[in-house]
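Annotated features, as they stand in TrEMBL:
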| type | residues | note |
| --- | --- | --- |
| DOMAIN | 1-201 | domain 'Major facilitator superfamily (MFS) profile' |
| TRANSMEM | 21-40 | transmembrane segment |
| TRANSMEM | 46-67 | transmembrane segment |
| TRANSMEM | 79-97 | transmembrane segment |
| TRANSMEM | 103-122 | transmembrane segment |
| TRANSMEM | 143-162 | transmembrane segment |
| TRANSMEM | 177-196 | transmembrane segment |
| TRANSMEM | 233-253 | transmembrane segment |
| TRANSMEM | 285-305 | transmembrane segment |
| TRANSMEM | 317-335 | transmembrane segment |
| TRANSMEM | 347-370 | transmembrane segment |
| TRANSMEM | 382-406 | transmembrane segment |
| TRANSMEM | 426-448 | transmembrane segment |
Amino acid sequence: MHTTHPRGLYLLFATEMWERFSYYGNRALLALFMLSALSFDKHFTAALYGQYTGLVFLTPLIGGYIADRFWGNRRSIMVGGVLMALGQYSLFASGSYYTQLDIAIPLFYLGLGLIILGNGLFKPNISTMVGQLYTAQDKRKDAAYTIFYMGINLGSFFAPLICGTLGDTGNPADFRWGFFAAGTGMVMSLLVFAFFQRKYLVDPQGNQIGLAPEHRSQAQTARRNEPLTRTDYDRMLVIGVISFFVIFFWAAFEQAGVSLTFFANENLDRQVFGWTVPTSWFQSLNPVFVLIFAPILAQFWVKLANKDREPASPTKMAYGLLLLSAGFLVIALGVKQVAPGVKLSMMWLVAMYWLHSMGELCLSPIGLSLVNKLAPAKFASLLMGVWFLSTAAANWFAGILAGFYPEAGKPAPQFLGWEIVSLNDFFMFFVMMSFAAGGLLLLSTSFLQKRMHGVN
């Protein structure tokens, strides 16, 4: 049995690393840019952030279909990458004209639109190609997706530090340099992919992968044309169920880009020996924890597997939701114990992000791998798009929930009868939502395992 991975995995790792650098560099600055440079209020910023990130994850459904039926993965990735680079540079232009809002705001919306369209073509196809490097029965797939996921987080770690240092200076004129760095990261992603794709993106038989339908090998085409079986339908049902549960995970987790950014900016003691830690830097905590603990957790799963005690994938994902709930409980307890007007120690937020990161490791790479293993070949990219569709709904929901962030001097908002008077009330809502979703998924695992038909 092979123990090393094909070189194509490391090409996709590098391509995705630079693309995620671009996306998360943008994410670290976006809410702050809307508040400080474009003079949007918090409620509008939260709503627009949710709509934008929701559409970012909705368009992969269309991008997956285009790749499956017309362009193939490779062309979709290239076109999507070009659109995203243009989008980031449009945001750079918007930041350059921030004193002229009649110019800056249209350029801002143009940039967001280009990133939305580009991500739809790029995101599902790069993830699908990881699975195409291996045979259906290859046991290295889970490890491959963990390595690929580390590439995502390597880009996500450096992005807020570099783009945040350049853009989050307290001077609205500097936001543009953060967006320029994000655009340059996207260009790097395109160059890496364009130069090495033909050499390294091949399946175990040596056939080129990710091609348009008319260029696929007969074996690849035959796999995609096989009729669906009852097992396929059962497995697609499982994809649908787990995609529903991850909505609650990402709706809470994605508060990092909006309400938790508001919180860090206003309610956290960010002073270290007289120097103020940039708000955007806190978004590097999650990826650095993932980079540190991903190999440790992967080894832990292997040890459990060797003892025949490894939990099934849906069970791991339920643990992820429960860890997310625990993270929000930490920050809720933190804000409850400080006196009014006193800023909270950064360590509370660090502890919360550590628990969130452990939850992410139990849910996201596991779910990504599971979708690839369960999806029939003919709908591989489309069903990867369905996975991202759930993330789209979650991000839209995240923006709505962030709009309930309490502000002094304003009426207390209510959500489904839950009155949000304080920050403790706000964070406790996410504790309860994540805990309920995690518990329900845990109770559903035996039902799901039966319909996975031997896939773990």
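Yeah, the Cβs are placed from backbone N, Cα and C, and that goes for glycine too.
What TrEMBL says about a protein is an automatic prediction, not a curated fact.
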Is the transmembrane segment (317-335) close to the transmembrane segment (21-40), in the sense of at least 3 CB pairs under 8 angstroms with a sequence gap of 6 or more? no
Determine the mean pLDDT over the domain 'Major facilitator superfamily (MFS) profile' (1-201), rounding to the nearest whole number. 90
Other than its close neighbours in sequence, what residues sit by the transmembrane segment (46-67), given a CB gap under 8 Å and a spacing of at least six beyond its ends? 27, 30-31, 34, 40, 73, 75-76, 80, 112, 115-117, 119-125, 128, 254, 257-259, 381-386, 388-389, 391-400, 402-403, 405
Among the ranges 233-253, 285-305, 317-335, 347-370, the one whose Cβ pairs under 8 Å to the transmembrane segment (382-406) are most numerous: 233-253
Which of 233-253, 285-305, 347-370 contacts the transmembrane segment (317-335) most, counting Cβ pairs under 8 Å: 347-370
Residue numbers, six or more beyond the limits of the transmembrane segment (347-370), whose CB comes under 8 Å of its CB atoms: 127, 141-142, 145-146, 148-149, 238-239, 242, 246, 249, 253, 256, 260, 263-264, 268, 282, 285-287, 289-290, 293-294, 297, 313, 316-317, 319-324, 326-328, 330-331, 334-335, 387, 455
